[in-house]
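Taken from TrEMBL as is:
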COMPBIAS  400-415  compositional bias 'Polar residues'
COMPBIAS  441-451  compositional bias 'Basic and acidic residues'
DOMAIN    496-1008  domain 'Major facilitator superfamily (MFS) profile'
REGION    396-476  region 'Disordered'
TRANSMEM  495-519  transmembrane segment
TRANSMEM  561-580  transmembrane segment
TRANSMEM  586-607  transmembrane segment
TRANSMEM  619-641  transmembrane segment
TRANSMEM  690-709  transmembrane segment
TRANSMEM  721-739  transmembrane segment
TRANSMEM  760-784  transmembrane segment
TRANSMEM  796-816  transmembrane segment
TRANSMEM  823-843  transmembrane segment
TRANSMEM  849-877  transmembrane segment
Amino acid sequence: MKPGPFAVEQWMDAYENDAKYNIAETCCASISISDLIEISDLKIEVARLLDASVKQTYGHIRGTPALRDTIASLYSAKGNHLLSDNVLITQGAIAANHLAFYALLNPGDHVVVQHPTYQQLYSIPESLGAKVSLWKAKPENGWLPDLDELEKLVTTDTKLIVLNNPNNPSGAVLTKSFLKKVVSLASLSGIHIMADEVYRPLFHGIGPADAELPPSILSLGYDKTIATSSLSKAYSLAGIRIGWIASRNLDIIEACAETRDYTTISVSQLDQAVAAYALNQSTIDNLLSRNIQLAKVNCQILADFVDGRKDVCEWVRPVAGTTAMVKFFHRGGKQAVDSTEFCKKLQETTGVMLLPADKGFGTEPGEFEGYVRFGYVSETKVLREGLDALSDEEADAIPSTGTTPSHRNALQPSERSPLLRELEPTPTNESFTSAAAGDSDAGRRDSSIEHDGEDAVGSSETNTVTGEDLERQTSLEGRLRQYEGIPEVKKRMKVMFPALAIGVFLAAADQTIIVSSYGRIGSDLGALNKTSRIATAYFLTLTSSQPLYGKLSDIFSRKACLLFAYAVFGLGCLFCGLARNIDELILARALAGIGGGGMTTVVSILLSDAIPLKERGTWQGFINIIYASGAGAGAPLGGLLADSIGWRWSFLSQPPLCLAAIIAVGCALKLPAREDQDEEKQWYDKLRRIDFLGAATLVAAVFCLIFGMDRGSNVSWSDRWAFVPLCLSFPLFGLFALIEMKVAAEPFAPGHIIFERGLIAAYLCNFFSFAGWLSALFYVPLYFQAVQRVSATKAGLLMIPSICCGVSGSLFGGYYMQRTGKYYWITVTAYAHLVLGLIIIVLCSGLVVSSIVGICIGMCVCGFSNGIGVTTSLIALSKIIILRVAPLLAMQLIKTVSNAAREDQAVATACSYLFRSLGSTTGVSLAATAANQTLRSSLKAGLGDGKQADKIMTGVRKSLDYIKTLDPTTRQLVQDSYALSTRAAFILEVGLALGSAGAAWLIRERPLSNKP
């Protein structure tokens, strides 16, 4: 059967070319290819984007792999990723809808269609011989259809329910709970659900943190669902004729593909190249930011117009999309105008083009009498001037006013909401040409607005966009939530912040509190040669638990994990203070590390949840100031306590503070319930989601590496307890990678976060820099105490300048990036100076001269350089760069989480600590191996063989105090041996730092912008 005339498209075709102010079109103000490149962070030449060397064959019939992968990722959520095989590329959404109907429907099938909606969605099923029932929405119900009515419409013959969400023409949305009820009803009878989602994700009247934010129909766990969309409405590219069909049911995709073989076969390769570029993460975030802001601003302008004329017009304000239904009355009463004649006369007299709803959407006489459809997300200038002309029209439907219409003064920049100011682009042109776009991807028109863009390529080259360059995208719900955070939590952040700060301070202080006192600890416990295990045990459990907290907090809640971390850390510190020997102390430190891993990680995750992306760096900056204060206070405090009341009080003083933090968090931290936690009540179900296998494998791998090196340096490298663990460690690391990428259902260190090609350089920078820097922090105080014979208190005080320089370096690095927008060369320079600082330490540790001042200078150079490098290196992890934030160590976290999907934010935040902790653990262990091996060899060479020599060797390796009991000659020999051993550690640290300097050259430059 031939379908009837397409009323909307006929009207558009008849009137759009003569319109002066086209505010009937439905695309976000359109952009050119040049505009798109300016908006994107990934700068390429047009000639490269549209690669003229590619032969224009049919190409990939179902769409290029790069484009299909990118589109699939837009529908992917935690533990529920869509594959590229589940996506079919089409010529716009109008072709996608057409193919889906042809593939699914047969004559006699019954179809229920949400109404009002785009005419294609009910006319094509009718033309195929299907029986169509319109599921009608009414303005008095906010243009939402009634669920009870749907139950009445569904019959035993119902094959398909058709939705349009967000809705054209009303701008209404079917909320999450509403959609779930539709799915529940459909699943009872195996009915398919097709949703035209071409206006997603333009949700400008419902907050991203709102629990009712509509998901894609594909996200609700029902396999008989189909989503269609395109580049026209939300992405401003109606001229790029790309749409798609997506479904989790491969049979549906296959049926649609077979149907298309009889129609268009394939899609233009040039269009697909542009589409892949537009939907790449380097572009899509900026493009959506621009269009959501435009929709918010223009909707308010239209609201001011309608609300100021309540005697002649009324509406239900839209919450999404680009369209609105406004009803006009004759002046002096509530008699609706003839919308068709009204629109004709309006265009004739003013040049303003609107669409009469009774003609475009009505299925029976008078159904939408008086209603016109506005397409208000055109160029703002066009909308303003069109409404001005409409205000001046003297038709009896519109009042004449002697005052300036309220919309002319609406929304000055300073009056806009924080999110609008945050998303507001910087104008680059004073005016752009315009004309708007059409419905459900049938549009062919062009318009544009102001925008801004920035570069994002390699350090010195321009790249073409290939399948390999297209990185994992974020689900659209995640993108929206990143912009606004959780407003209700943010409001209470000032009250909650002290509770969070206590744990951060303790975690930082605990990492440095033993730096100046572990010599005393080892001497008191008679195990100086084992003191490195105090640090490595802590970092071992810290390393493995930090990424695990990301997943645990997703399952058990942020608050529960933070309380658990405080409790375990407090118990660990208590047991440290009560330890009777070195082995008990090592075990207690391992327990404390489990808690310490969560005390900083969960706080960062909370900030990622609650604080808008634009403001996140400021709050993370506050956290890092507290962290730096704790790290700075830890070393001198530990030394002071060790020299006065005893090192045990370094640990015993922390449990009361942990208890205070637990009480504060319990009272102050109130988070909204997350849906997945509400739905999964059984502990067993929750525990099944935890990647225990991956965590255990990582712990085993790191433990084998550390134990083998420690055993080899203290006993013998030929000892089987040294050789076997070392040999096992490397396969275990490989097994860990395999588990995370292939086995774990919900990995705590997912492959797309850890092993992504473009991120390896930044991860290696952090691994090697922390390996070198942390081991220097550990062995420089030992050098001061064992060789220079200073007290633990003084050794701690001597560390303060370097720690302060580390904070200063972070500040300087952030300031430099803010001013220049660059970070590549400063990163390379910073890590080169880290190497230089460690070389200074080597030279001043007796190789050329013995100088405490020289070593302190070297440590300051290291601290300042590492502070810069840590701040800059991980910016390569992100394509969304926040410039107007506190430029501290926070930057690496902001870049990680803003690059991750909302559902991956907690995991990404936790994994950002993984390489730092692994580097710290490995660095201290390697340095201990080098130092112990050198000390053992040097003492043996100087003292010779014999029982007395063995006694001295055992004594000096267990206690620094033992050195004082030796005769002057032997004491000097022992001090020289300690000088050699610490110097060996310093030389190893130079090698580790060279690794960070080398990796820095591989970082890709991505110039920064002021956009979220």
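Note that Cβ sites are derived from N, Cα and C of the backbone, with glycine treated the same way.
In this chain, the transmembrane segment (690-709) lies in contact with the transmembrane segment (721-739); the count of Cβ pairs under 8 Å, excluding pairs fewer than 6 apart in sequence, is at least 3.
Counting same-chain residues at least six beyond the ends of the transmembrane segment (495-519), those with a Cβ under 8 angstroms from any Cβ of the stretch are 489, 528, 531, 534-535, 538, 562, 565-566, 569, 573, 592, 596, 599-600, 603, 606, 622-623, 626-639, 641-642, 647, 650, 654, 657-658, 660-661, 664-665, 667-669, 777-778, 781-782, 785-786, 792-793, 795-796, 799, 803, 960. Among residues of the same chain six or more beyond the transmembrane segment (823-843), those with a C-beta under 8 A of the stretch's C-beta atoms are 459, 765, 769, 772-773, 776, 780, 809, 813, 816-817, 849, 854-855, 857-866, 868-869, 872-873, 875, 983, 986-987, 989-990, 993-994, 996-997, 999-1001, 1003-1005, 1008. A mean pLDDT of 76 is what the model gives for the domain 'Major facilitator superfamily (MFS) profile' (496-1008).
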